[in-house]
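Single-structure report; data block below.
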Amino acid sequence: MKKEVCSVAFLKAVFAEFLATLIFVFFGLGSALKWPSALPTILQIALAFGLAIGTLAQALGPVSGGHINPAITLALLVGNQISLLRAFFYVAAQLVGAIAGAGILYGVAPLNARGNLAVNALNNNTTQGQAMVVELILTFQLALCIFASTDSRRTSPVGSPALSIGLSVTLGHLVGIYFTGCSMNPARSFGPAVVMNRFSPAHWVFWVGPIVGAVLAAILYFYLLFPNSLSLSERVAIIKGTYEPDEDWEEQREERKKTMELTTR
């Protein structure tokens, strides 16, 4: 565990999660600013969030895995894909990055366009229970897309994971904005809420819904649909950060990284 934390690759990965979440929040929230001359459309916001996540997954995915979302990180922990310590540092970096991204946007946005900085809120008389279920479903489909499109065990061509994930985020926003402003990402909701000091009684929805949805997707994918053939000791080693995969696994992982491009050969 200590060896993992002290490695340069680990530090780079944590920084990549911080930077990616900062950029994601800046562009995503920026697309939702209410300019007096032109109010944002649902399609505009959905495309901005989707393009941002696709771009960042393409650019920084090979460094950290491109989680950019505490719900996805926790789901991968439950799915036995990352260590507990890595999950902790990733989530911390994502939350700090989200605050930084929202803070920068707050600083550069004119007062008449800033509004509430796109803080997530319940819309159209949606109840907290309804909102939680919506966020759960939206994040469930996103997590399934991420797990399937980045699974190193798949031998058939899967196209571009970055493009697939970006489209999944766009899809979620096209539906979710009407209910909750669409979170699917606790960091996306937490950042502007901190900067604006605006935590509504329903803020928990944007944590519980996405996390439960992503964790359910991890259980379904990694334990029921496509379970790993790992022993109990190997699973414990992964959680502790002491697991050392064999050379064949590493070769498959490197080959998988080559598919993180916008076109396939």
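Each Cβ is built from the backbone N, Cα and C atoms, and glycine gets one as well.
Summarising the annotation, Swiss-Prot assigns N-linked glycosylation site to Asn124, Asn125 and lists sequence analysis as the type of evidence. Per Swiss-Prot, the feature intramembrane segment maps to 66-74, 181-191. Under the heading topological domain 'Cytoplasmic', Swiss-Prot lists 1-12, 61-65, 75-87, 148-158, 225-265. The topological domain 'Extracellular' annotation in Swiss-Prot covers 34-39, 109-126, 192-203, and the record cites experimental evidence as its basis. The transmembrane segment feature in Swiss-Prot is assigned to 13-33, 40-60, 88-108, 127-147, 159-179, 204-224.
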Most Cβ pairs under 8 Å to the transmembrane segment (13-33), of 40-60, 88-108, 127-147, 204-224, goes to 88-108
Give me the stretch from 88-108, 127-147, 204-224 with the greatest number of Cβ pairs under 8 Å to the transmembrane segment (159-179).
127-147
Based on DSSP, tally up the residues of the topological domain 'Extracellular' (34-39) by helix, strand and coil.
0 helix, 2 strand, 4 coil
Take the topological domain 'Cytoplasmic' (148-158) and count its residues per DSSP category (helix H/G/I, strand E/B, coil), listing them in that order.
2 helix, 0 strand, 9 coil
Confidence summary (mean pLDDT) of the topological domain 'Cytoplasmic' (148-158):
83
Hey, which bits of the same chain come close to the topological domain 'Cytoplasmic' (61-65), Cβ under 8 Å, at least six residues off its ends?
12-14, 16-17, 20, 76, 82, 90, 150, 161-162, 257, 260
Mind checking which residues reach the topological domain 'Extracellular' (34-39)? Cβ under 8 Å, same chain, six or more beyond either end.
112-113, 115
